[in-house]
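Here's what TrEMBL has on this protein:
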type	residues	note
DOMAIN	B:3-181	domain 'Electron transfer flavoprotein alpha/beta-subunit N-terminal'
BINDING	B:201, B:227-228, B:241-245, B:258-265, B:279	FAD binding site
């Protein structure tokens, strides 16, 4: 079974985002960029399925600017076999990304597509579900366990009340949650090897997909600030505060 | 303009998140609601009573049990011929089905809105809530998920909507429900609790979490939450997690115990009315957002606090 893993280049999760003074977006100049953490988990899961002999080939794909090559090289260094970069210097929305992925799914016919459940920049949480709709495939979102059994896949999902397990007919779409696995670090020899793995370059036009945005960002602003309050010296003072607030009798 | 709102229910009670979604939809115009699942007649009748709702659609079909998106999304997409907007609460179910509906309609979804600025313009959080984007949609129909903490809950009574049957294609044959491990608790639900007591990695293990955090929560009638670190370490199950990718909460009082205050955690609780932090590290970022802070050893402070309340 072939596995397709879409990955996105985003602000590193340790960096505190700063809104630009002119309100047009978040300042990304000279900011560390990394693979979206949920996508790292997706790459790791694909590699584990390959190590178990279930997956035969892992194809990583990214839709974004030229620099997303670095993100794909990271996926290749972790263990993906080849990569496709669909270059767009303007931002592509989840719907546009899903349409491009739909075309790639038609070409590559993967048994599973594993994606991060959301990107930590736009926090949309849409692409996997949209791809499932466009390809008519079942979806197992927010996965904390993925078990392939013959021509179906059992996905345990993190839901509001706990965990839920669904069985999906393959080919299927899976999106990862935090506790699916702990992604490996790429070793130096593997980073070197990744440089010679194939990376194909495409454009949205190659797939005949119109990626004109449907949402216009009117402005971006900082959230209301919370300021630090007071420190109390001991438990008695805290109890007095709680009582004054009516929280404790 | 008329919206169709997804009703989150457990074949009995309508979940609070639905009521916030109704309020958001009411800002756009007329509100109809959709109740799906087997034996949902009573739920649909109750949903028609929500203030502001003029019609409840009842899709009574076992194919819609467990909200399998492969079956539910085509039902909604079909009904959307008569609606201008589909509005779902940003619950696990809402997040699962809404984008599937959006793609079937060729619409770019607007996720987790915080406010309705006009019929086509909304605000939504990005970058873990560190940047609030105002976005304007050019799609003819809107697909929206609603952050529950950002909207008042519509009253459960006061509406006098009609109930109408709706049907879809039924079982798409792509997926099936296998089972669930749902946490059972006598405590209030995290997303609707007035008081939340949350524990972090400093609790060190599951036993400590239960013996230190839970007695305080029970004394206050509070829900119990946790940081990602505590969940990752296995102290408590995933449904306790408060944060960017866990639950978003905004209680009257949020008590953070042994939680340092990573960006991802703050994203899930910084809209709480009053934040109280107990942490031994006086430089912990949690103190930058806390209204009341107490620096010290939680293993001494929390049992003493529980005893004195």
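Placed from the backbone N, Cα and C atoms, the Cβ positions cover glycine too.
Heads up, TrEMBL stuff is auto-annotated, nobody curated it.
Sequence features annotated in TrEMBL and their locations in the structure.
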| residue | record | DSSP (3 states) |
| --- | --- | --- |
| B:201 | FAD binding site | helix |
| B:241 | FAD binding site | strand |
| B:259 | FAD binding site | coil |
| B:265 | FAD binding site | helix |
Quick test of understanding: given the binding-site residues B:201, B:244, B:265, name the ones whose C-beta is under 8 angstroms from chain A.
B:244
Spatial neighbours, same chain, of residue B:259 (FAD binding site) - Cβ under 8 Å, 6+ residues apart:
B:198, B:199, B:200, B:201, B:202, B:227, B:265, B:277, B:279, B:286
Reported mean pLDDT - the domain 'Electron transfer flavoprotein alpha/beta-subunit N-terminal' (B:3-181):
97
